[in-house]
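Below is one structure; the comments refer to it alone.
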Amino acid sequence: MAFQLALDALAPTTHRDPSLHPILESTVDSIRSSIQTYPWSIPKELLPLLNSYGIPTSGLGTSHHPHAAHKTIETFLLCTHWSFQATTPSSVMFMKPSKFNKLAQVNSNFRELKNYRLHPNDSTRYPFTSPDLPVFPTIFMHDALMYYHPSQIMDLFLQKPNLERLYASLVVPPEAHLSDQSFFPKLYTYTTTRHTLHYVPEGHEAGSYNQPSDAHSWLRINSIRLGNHHLSVTILESWGPVHSLLIQRGTPPPDPSLQAPSTPMASDLFRSYQEPRLDVVSFRIPDAIELPQATFLQQPLRDRLVPRAVYNALFTYTRAVRTLRTSDPAAFVRMHSSKPDHDWVTSNAWDNLQTFALLNVPLRPNVVYHVLQSPIASLALYLRQHWRRLTATAVPILSFLTLLQRFLPLPIPLAEVKSITAFRRELYRKKAPHHPLDVFHLQQHLRNHHSAISAVRPASPPHQRLPHALQKAALLLLRPISPLLTATPFFRSEQKSMLPNAELSWTLKRFALPWQASLVLLSLSESSVLLHKLFSPPTLQAQHDTYHRHLHPGSYSLQWERTPLSIPRTTAFLPFTPTTSTAPPDHSEASLPPAFASTSVPRPPPVASSLGAQPPTTTAAPPTPIEPTQRAHQNSDLTLESSTPIEPPPPPIQSSDIPPSAPVLFPEINSPHRFSPKLPTTPDFEPTRTSPPPSTSHQDSTDPADPLMGSHLLHHSLPAPPTHPLQSSQLLPAPLTNDPTAIGPVLPFEELHPRRYPENTATFLTRLRSLPSNHLPQPTLNCLLSAVSDQTKVSEDHLWESLQTILPDSQLRNEEINSLGLSTEHLTALAHLYNFQATIYSDRGPILFGPSDTIKRIDITHTTGPPSHFSPGKRLLGSQPSAKGHPSDSLIRAMKSFKVSGNYLPFSEAHNHPTSISHAKNLVSNMKNGFDGILSLLDVSTGQRTGPTPKDAIIQIDHYLDTNPGKTTPVVHFAGFAGCGKTYPIQQLLKTKLFKDFRVSCPTTELRTEWKTAMELHGSQSWRFNTWESSILKSSRILVIDEIYKMPRGYLDLSILADPALELVIILGDPLQGEYHSQSKDSSNHRLPSETLRLLPYIDMYCWWSYRIPQCIARLFQIHSFNAWQGIIGSVSTPQDQSPVLTNSHASSLTFNSLGYRSCTISSSQGLTFCDPAIIVLDNYTKWLSSANGLVALTRSRSGVQFMGPSSYVGGTNGSSAMFSDAFNNSLIIMDRYFPSLFPQLKLITSPLTTRSPKLNGATPSASPTHRSPNFHLPPHIPLSYDRDFVTVNPTLPDQGPETRLDTHFLPPSRLPLHFDLPPAITPPPISTSVDPPQAKASPVYPGEFFDSLAAFFLPAHDPSTREVLHKDQSSNQFPWFDRPFSLSCQPSSLISAKHAPNHDPTLLPASINKRLRFRPSEAPHQITADDVVLGLQLFHSLCRAYSRQPNITVPFNPELFAECISLNEYAQLSSKTQSTIVANASRSDPDWRHTTVKIFAKAQHKVNDGSIFGSWKACQTLALMHDYVILVLGPVKKYQRIFDNVDRPSHIYSHCGKTPNQLRDWCQEHLTHSTPKIANDYTAFDQSQHGESVVLEALKMKRLNIPSHLIQLHVHLKTNVSTQFGPLTCMRLTGEPGTYDDNTDYNLAVIYSQYDVGSCPIMVSGDDSLIDHPLPTRHDWPSVLKRLHLRFKLELTSHPLFCGYYVGPAGCIRNPLALFCKLMIAVDDDALDDRRLSYLTEFTTGHLLGESLWHLLPETHVQYQSACFDFFCRRCPKHEKMLLDDSTPTLSLLERITSSPRWLTKNAMYLLPAKLRLAITSLSQTQSFPESIEVSHAESELLHYVQ
């Protein structure tokens, strides 16, 4: 420890490096050895675990391995552990020869290797099979013990009498007996199926293998016994799932307790040594505790194990919070459940933990601690606590005494009157003479000279024969001296008194209750004890013990007692009889028989599978036993050198001393992992196989001795993928087919109940009813039953019961009926039952339902709503409709009846589209100007064409729109998923005679070419296929617009208005695939509303299937595809010649085209179909792709997609495409998430329309019930005052006074655990209601200046568009002028300076990124360089010089002050924003949000200062949204530092943090001098210019105050690892991080003191702004500092310095009148003067109240603006506001009137108000939030006494 402290003191690297050199030298050899022995690259999360096992791996390896940790454990087992155990020549079994050779090089005692092929995979590991058993007395079995039964190990020892020790490695999770959940899931996982445990090492599925599920029983036995044969089992070591066991021969040693003395002494301190000891083993698991079982419930143990640290933290949290809600424990658990360290905890365990914590919150220990109290008080407390127990104990005893009187009568002494005397005269005397000893009957004994016992007569009663013990004792004592007693004065008679006197005596009386009463009392007492036990709570001690046992359980330990195992018989170790061998065999392959290596070993059922070329090492599957039938069958075909016939084996050895109740650790069953040495027998059952066996024909035709037999056995083909498409029934549930109330096949209703029905009304599918009615309740939406009941006079209940006799229950109770009500299908069934026909009058016209062969008729009206509704009777109309229909009616009827491949067109009705003249005029205007389209730009002057040019035609259309009204045209919309077949049915429709007069409009030439090819028309008809521009110039009866959403907005309206002959429009498109965006920055087409929302009501059906995409893509979207090809989703490094390339930009597309590849942009590929896999190019623009473009790219090809480019763009990070990442990782693409506002409104259909059913429902669906996420809904609004979910509310202690903490009950559950919610220790300062009296000054004299006159000519006339910039071909919008009001000058006053409005300027943040952010080159943390350390030290020394501090002196940490800072920080966070704002930002405390990730957004502001007035485009200020954890943890650190800075700061240094304008004025008047010039400085990109030296400076500042080290490390980690949605950032300053202002101010002050010899010169600093009173000399070391700085200075020598928007000088400070004048102009034109006037007035009064001296502060150029502002306030302010310009002190009532209804107040205006008014104003929700609260600053000043 002392050496470590010395190292920490050596800060300079020149001193530290030599000190560390010996340490480095001592570690070189160990690191080199570790890298050579364990060269594998181990995951960093597993490295600490391996080191804790004692494995010396450094983690610096570079070789990759699929399960590197297992490989490391295996290497340690072989080369270290086993090598140490192999002290004599030994044999090794089940190991690859190459690995054995390396092992033999480590230790030469490893002499021979024996391998046995018992599994097909063994042929890849073992080149040969050993025919005999090992010969050495020590054997090492490598990873095979889990496949062997103890009876087989016993057989091995019996076959090899010289075998003494068997070292075996066992790979089995010790927790396998608990559940299938691993305690170390990163190291291994496993599952148990029946009797098989499937083990997966480190997620490597190819290296997984199977083993018996009872293999873990090897860890539960300590010996194996068979008759007189004993084997001891010892666990030598465990490394997680790998265990080293030693099985050795011999009788186990006797228990030491048998050798101890037989009669130990009671006081023996070593008494436990003489008791039998248990053989207990334990295994390492994560630190966990076991939750108690729920009352009367059984929960699995694995689901009750939770991390101890989380449990303790949650226990403390639930009792520390003031108000606990039901959701708070769950939110606390969520914070920890996502941590990697807790991945072993099951979801049920997390659920049980939060439930356990929630339900046990009210429990508290019933204890008291009374120390300083009297014994009487302690006794009273004891009686109060234990009176029930004492009473319950005393009552039976007292009741028993009543019975004791019957058996042991006790005399009771009673007083008796013997004589009464008065005036010395005896009035009464008892007959018997009085004697003092009469009570003892001594006179009788003296006269008789016998004892009292002999004087008792035989006839005396029993109670007289038993004198009392006291009486007997007195007789024995007094009898020897009785003669002397008579002579004493005691027996002399005394002289009687004159006064009345009574003489009393004591007489013993015997008393006993009747035995009946005694029994009653005894029974009552016993009953009271019983009732006390049943109804009274446990005793205090029991409550205390139960509370701590229930709520503070101990750590869970995975341990058990090992027991001996007795086996009845042995089982053969090998499936064949081994030969006898005395010498190790030769391992060379030349000595092997040709056929032996592959055919001499039988094939057991497969236990493991390995598809990789590299077989597993530690996890490899060793040989496993096989079934009896297989072994016997294969043994009959063995070809061995010995010709001795195989004889039946001897009978197994039986054990007669097996206890009948012994635990069955290894069950004797015919499992696939065991075998028996018996001859072939018929098994009782077929064991479970992990892979299909070979066919019978193959076995019969294969010679077992064939050398190729092994390869045949090892060849198993994988199952082929299904070639048939996924049926639609697999997408949706089919309750009808599984309905138990139905019978028979699914058929149309008209076939099951044949009658004459109107067409397509009885074609719905159903089944025959098989069961009687179940009396289902009527649906809520039963308007159809009411309408039918009103017409037929049959009750609704009877109608409903009738439906239950003909339709199955699944068609009467489902989601459709619950949400939409009954439909016309049910009406058809009722019409059949009651023999009537119904006419439905709907928007589609009259429709008939029911059989036509009936004479009964009813009328029902259907209204579409919403909601839809059935009502009885016929709809009444005001007039008959016109007999003449629309010209397009015949076309629409033909479309409704048209079929393609037996399917109808997917639409319901044609919708009348009223054209919009404004939309059409917008588009034609942009076409005319060349902003959209190219027709107006075509040069036709050189051609021979006559007539108007295209531009002239467009102009004519423009003129035509000016004089012609709009019209209404029928529109039919076909919409569906990509590749659903929207185009093909329309192409077939257009080939019919009725639709021959058509034309097609396409967005691209590629799509037009596809139409031409598909229609196959004559060349003269090619004019019918057009691009979207040329189509407008042509005319036809029918217009088909393909990909309508890729057309400009307003195109539908323009096409209809431009063609008077047009009768019908058919539009095709998918609203999910995006819409048109103009490439011209001057186009105004984007100002029109989106066509996706405008055309959405025309979508009757959305086809949710595809004929194009392959199955792999269909699974992503969860959609049915008719394309049977599986397809691919992969990646390529270079494009293929035949594959189309899809790019993000036109430039990339042109590049690939020039390189010889077929390429187009993703957007332009919409509508195209590719046969080859589409190659998607990934580049920097991929992350900006919209969801629509991502959908287009993934659905273009019939074969799949391949990504080309950096994999980071599909890695699921901030810089990748979310949809591409889901596709690349085979994750489901949830459409509701990518299209939240559009997809839920689409009415999906999942299969083509085979019938055009006129089905009507009783309600209108709000969204299709198909493919809807159940969680897709808006969260309910919960009032902020909601308290019904409170579980507990802890009261405030009486001595604490009123509660000063703010409410936290409204905080999001994920944020509440981050609050300490500590009560402040300091008393809150009283709220001041006084106003600072102004100093008496002479009123300033203003030159006359009319505000309106100056404002009229202030703004020069200019074109605002010239001040905008282009970003990615899109213009910025910082100078909006269109439709903006103006009254002061010729243009809106808002054009004075740039306005940052992120909501109206999409380019604001993207265009500002390069200027405001600095990015790291990679995701790696920012590296602190040596220059950063040196510069940081220099700045720290300069900062200490500024504060007159010693750099080497540290300040002790003050915990009490830091606790106050925590409370203050939480107060600031809760009071700076409204409760609604905090709740709306609940995502800031999301546990899934990494604390190193910040969200960058643009600050909305209209900044007006000298630098922005009349300026051009300006980059916005970026704000960083950090996790609440960062703000609440590091915020107190900054406040803690600020308190010490306020104490140490010299008076000549001014920091503007938390200061009011009046304080600024006072300081200037006190410190600034009249010397000129003054040095004002500002920096360019100050935040971005701070690099690693700022982190070093901040860390040194915190170390000086001894801030806890973990907080310093957190700060450094955040600064060096910060990342955003745009990429990783350097350690630049972020506006929004804790202490931004303080750190910037300190950095600025440190730079100033590094540059100048300041001395006592007045200095003003505020962030990056600074002011020095007069020029100063430069320090000698400034050049060395300057060369390391990255700052860019903007020094200014001026006589009128500007600081924080105020002109300052010895006279005080005054607000910049030029900026204030501009703000007033903007407020007037924005019509916001009433909201802002008060703020501007209070800022103006700061300088106005200086009097005549204010003119010394202003430049001459600003005098007119100061006068104009004064003129403005005098003319525009009401009288009570003008009083603020007076020198007199404003009264509180006046200020209350002024601020009665504020809506907008600046920070400076708030500073000038009293505290009472500030608190009243901040309580109003409409006021803005301030990052710096005056109350917080005032509270900080109250904490200064801690450091004084």
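Start at 1 and count along the chain as shown; that gives each residue its number.
Using N, Cα and C of the backbone, Cβ positions are placed for all residues, glycine too.
What Swiss-Prot lists as active site, for protease activity is Cys783, His869. Among the features that Swiss-Prot reports, ribonucleoside 5'-triphosphate binding site is placed at Gly976, Phe977, Ala978, Gly979, Cys980, Gly981, Lys982, Thr983. Look at Swiss-Prot and you will find 631-641 tagged as compositional bias 'Polar residues'. Swiss-Prot lists 725-736 with the feature compositional bias 'Low complexity'. The domain 'Alphavirus-like MT' annotation in Swiss-Prot covers 58-219. Under the heading domain 'OTU', Swiss-Prot lists 728-879. Summarising the annotation, Swiss-Prot assigns region 'Disordered' to 571-739, 860-888.
Where Swiss-Prot records a feature, it is marked here on the structure.
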residue : record                                      : Cβ contacts under 8 Å, 6 or more apart
Gly976  : ribonucleoside 5'-triphosphate binding site : Pro906, Lys982, Asp1070, Tyr1102, Cys1103, Trp1104, Trp1105
Phe977  : ribonucleoside 5'-triphosphate binding site : Asp1070, Leu1072, Tyr1102, Cys1103, Trp1104, Trp1105, Ser1106, Phe1117, Ile1119, Thr1195
Ala978  : ribonucleoside 5'-triphosphate binding site : Asp1070, Gln1073, Ser1106, Arg1108, Ile1109, Leu1191, Val1192, Thr1195, Arg1196
Gly979  : ribonucleoside 5'-triphosphate binding site : Ser1106, Tyr1107, Arg1108, Ile1109, Ser1121, Thr1169, Thr1195
Cys980  : ribonucleoside 5'-triphosphate binding site : Cys1103, Trp1104, Trp1105, Ser1106, Tyr1107
Gly981  : ribonucleoside 5'-triphosphate binding site : Cys1103, Tyr1107
Thr983  : ribonucleoside 5'-triphosphate binding site : Trp1011, Ala1014, Asp1042, Leu1068, Gly1167
For Thr983 (ribonucleoside 5'-triphosphate binding site), what is the secondary structure state per DSSP, taken as helix, strand or coil?
helix
Counting only residues outside Gly976, Phe977, Ala978, Gly979, Cys980, Gly981, Lys982, Thr983 in the same chain, those with C-beta within 8 angstroms of the ribonucleoside 5'-triphosphate site's C-beta centroid are Asp1070, Cys1103, Ser1106, Tyr1107, Arg1108
Rounded to the nearest angstrom, how far is the Cα of His869 (active site, for protease activity) from the Cα of Cys783 (active site, for protease activity)?
7
Tell me, how many other CB atoms lie within 10 A of the CB of Lys982 (ribonucleoside 5'-triphosphate binding site), whichever protein chain they belong to?
22
Using all protein chains in view, find how many other C-beta atoms are within 10 Å of the C-beta of Cys783 (active site, for protease activity).
20
Can you give the mean pLDDT for the domain 'Alphavirus-like MT' (58-219), rounded to a whole number?
92
DSSP-derived class (H/G/I helix, E/B strand, else coil) of His869 (active site, for protease activity)
strand
Tell me the Cβ neighbour count for His869 (active site, for protease activity), meaning other Cβ atoms within 10 Å of its Cβ, over all protein chains shown.
20
For Phe977 (ribonucleoside 5'-triphosphate binding site), the three-state class that DSSP assigns:
coil
